Amino acid sequence: MAKIIWTRTDEAPLLATYSLKPVVEAFAATAGIEVETRDISLAGRILAQFADQLPEEQKVSDALAELGELAKTPEANIIKLPNISASVPQLKAAVKELQEQGYDLPEYEDAKDRYAAVIGSNVNPVLREGNSDRRAPVAVKNFVKKFPHRMGEWSADSKTNVATMGADDFRSNEKSVIMDEADTVVIKHVAADGTETVLKDSLPLLKGEVIDGTFISAKALDAFLLDQVKRAKEEGILFSAHMKATMMKVSDPIIFGHIVRAYFADVYAQYGEQLLAAGLNGENGLAAIYAGLDKLDNGAEIKAAFDKGLEEGPDLAMVNSAKGITNLHVPSDVIIDASMPAMIRTSGKMWNKDDQTQDALAVIPDSSYAGVYQTVIEDCRKNGAFDPTTMGTVPNVGLMAQKAEEYGSHDKTFRIEADGKVQVVASNGDVLIEHDVEKGDIWRACQTKDAPIQDWVKLAVNRARLSGMPAVFWLDPARAHDRNLTTLVEKYLADHDTEGLDIQILSPVEATQHAIDRIRRGEDTISVTGNVLRDYNTDLFPILELGTSAKMLSVVPLMAGGGLFETGAGGSAPKHVQQVIEENHLRWDSLGEFLALAESFRHELNTRNNTKAGVLADALDRATEKLLNEEKSPSRKVGEIDNRGSHFWLATYWADELANQTEDAELAETFAPVAEALNNQAADIDAALIGEQGKPVDLGGYYAPSDEKTSAIMRPVAAFNEIIDSLKK
């Protein structure tokens with residue numbers, strides 16, 4: 001039997017799965033397709049790490065490793081929902097919950113090395129054995145033109161800007177080499193006195209692979225940050241920091257610590273020795289510092305110094321004004337790819353402590369991609385907000401296969417312990433890359449393999465040809481890595497028929513301006529980018545165009561011939577879960593799942609000639625468009641339609657479409673009674689689903705909710721369940 005793998009993940013998409021997956025299973029079965037769940041949730045991955053220490057009845061398999069292997073085969077057809085990229089505080093909370101549920105797990109401090117495997121963004125790099133094709137589906141774009149989301153007005157007097165280093169950072173210190181032959185290199189630190197320390201003893205590289213090394217200077221970073229704290233205060237705007245501490249799990253928490261210490265420079269000048277000795281260096285955020293002060297004898301005195309620092313420093317952008325949670329409280333609370341587009345959409349403002357919006361200084365220390373956001377800000381200051389009813393679209397073709405570029409750098413990122421040099425040394429002793437570094441600098445290496453680069457260029461040409469859109473490679477001539485990539489892109493473009501296609505290479509700043517000039521004219525442009533800009537652009541443009549990145553179609557054509565279908569580019573929405581717990585209303589929009597599912601069925605048609613799967617896909621697309629037009633998407637407000645209601649209406653419209661289509665008589669016959677039953681009971685089922693809302697519920701866990709309790713909450717109406725379950729019989 002053909003098989004689609006549906007991933008069990010975390011938070012809002014996990015809750016939605018309890019409601020949606022039974023519908024998907026029932027419909028898929030009519031095309032001879034089995035839908036199988038694999039658990040790659042944070043809780044599931046933690047338990048898999050310690051399977052050797054758990055009793056037989058508690059053991060779970062390493063589903064992520066299994067899916068990683070499956071992704072390298074032509075059989076792969078995986079629907080991947082958003083999962084938690086865990087920060088240390090999230091990991092500790094999940095471990096505590098599992099311990100309370102009876103799992104004998106060690107404390108984080110006692111098994112840091114093993115837990116490291118589940119911190120940060122560990123899921124996507126394992127599954128992404130292909131490059132990325134993300135675009136706004138036509139149905140969604142059409143819907144937004146009819147029902148545009150709110151866009152904040154921009155003022156020509158806006159004081160909002162990006163602050164970035166521009167020197168002594170990752171961008172400016174980069175060196176890059178294309179390997180002539182396969183080799184295994186060593187990364188080592190040579191101290192000023194000649195002492196050698198091996199940082200990575202064996203790094204195998206393939207012929208044609210691009211290897212980079214770069215570093216950010218700690219001294220330059222500190223000087224830059226002190227200037228920005230002063231600048232925000234002088235300009236009377238919010239101070240905000242925008243990092244990606246989840247994905248860049250080694251470098252960005254260190255940089256975040258520098259930001260916290262710069263903002264509270266006076267506190268660290270007075271109490272720094274004691275704070276650092278207690279491990280309160282800011283790298284886990286202000287919340288962790290406050291928690292740690294309780295254990296210090298003079299904790300109250302130091303807390304008062306922090307309060308004074310907040311009072312005297314520039315106002316901080318807030319994550320939750322009501323609860324006093326600032327931008328600096330938790331490193332994973334403000335994630336650049338979501339926070340910057342949200343700010344641009346909100347008139348260039350962020351929320352202040354009085355719960356009002358205010359202009360902000362967006363501090364993005366490394367200048368590699370900061371210019372993209374500054375370009376959009378300047379354009380909005382000059383030309384006003386974008387208009388969702390007329391604007392063009394910017395789909396993305398992203399290089400990400402086999403842990404390309406920065407998003408594969410964690411195991412090659414090091415905090416430098418002493419002044420000296422870092423060298424990347426070939427097996428014959430040649431030094432390929434060398435940097436002079438100082439204590440505290442952050443040095444990192446990135447790898448980009450040749451086969452993914454070739455596949456990326458091919459995918460860009462294919463998308464340009466199929467869509468008829470111009471395609472622009474975003475490559476920065478000021479960066480050594482991008483200069484090497486430009487050489488390879490030009491070489492591989494020559495292997496393709498590009499006659500009649502508009503393909504060019506621009507720097508990220510030029511490419512941004514080019515794309516937004518065209519957007520304002522209602523014209524479409526494919527952005528062809530590396531891995532980080534893939535991440536940033538597939539939030540930036542969708543949030544401006546569609547109001548959210550969760551409505552993107554995200555396809556990863558796997559290099560071995562399988563398919564990975566990602567549901568939206570947003571996160572796992574912890575606030576949505578909070579609302580369920582408090583008032584049993586799930587506002588998560590499963591549109592991303594609907595779009596991915598249609599593509600997954602289409603993949604079965606294209607690879608296995610399963611025509612029934614093709615009919616399911618087309619009917620699902622039509623049902624999704626109807627769902628949008630009939631305004632059956634979840635509301636944010638309790639007492640109105642939520643995620644469960646949208647699943648009911650999708651099932652109804654999908655059954656209607658299948659009953660009424662003429663391509664497959666057997667499917668039409670199967671779905672006629674289902675459609676009739678759903679339509680006959682529609683008013684009652686809809687009312688019953690809404691009637692469930694308005695009271696607190698117990699999921700039996702947050703990271704590892706109880707299947708029984710959560711299923712009852714997410715499938716509360718027996719009449720609907722019976723109709724769906726009858727399809728499986």
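Placement of Cβ uses the backbone N, Cα and C atoms for every residue, glycine included.
Annotated NADP(+) binding in Swiss-Prot involves ASN83, SER85, SER572, HIS576, ARG587, ASP589, ARG636 plus, out of the candidates ASN124, ASN531, ASN537, ASN679, the residue ASN124.
Cross-referencing ASP337, ASP354, ASP355, ASP725 against the Mg(2+) binding annotation in Swiss-Prot, which names ASP535, ASP539, picks out ASP337. Per Swiss-Prot, the candidate among ARG521, ARG534, ARG602, ARG608 that belongs to the D-threo-isocitrate site alongside SER121, ASN124, ARG128, ARG134, LYS244, TYR407 is ARG534. Calculated from their C-alpha atoms, the gap between ASP539 (Mg(2+) binding site) and SER572 (NADP(+) binding site) amounts to 14 Å.
Listed in sequence order, SER121, PRO125, MET247, MET400, ASN531, VAL532, ASP535 are the same-chain residues at least 6 apart in sequence whose CB falls under 8 Å from the CB of TYR407 (D-threo-isocitrate binding site). ARG636 (NADP(+) binding site) has ASP337 as its nearest neighbour among the binding-site residues ARG128, ARG134, ASP337, going by CA to CA distance.
Counting only same-chain residues at least 6 apart in sequence, those with a Cβ under 8 Å from the Cβ of SER85 (NADP(+) binding site) are GLY120, SER121, ASN122, VAL123, THR246, MET247, LYS249, SER332. Across the fold, the C-alpha of ARG134 (D-threo-isocitrate binding site) and the C-alpha of HIS576 (NADP(+) binding site) stand 25 Å from each other. For the recorded site, ARG134 (D-threo-isocitrate binding site), the DSSP three-state label reads strand. Between the CA atoms of ARG587 (NADP(+) binding site) and LYS244 (D-threo-isocitrate binding site) there is a gap of 25 Å, rounded to the nearest whole number.
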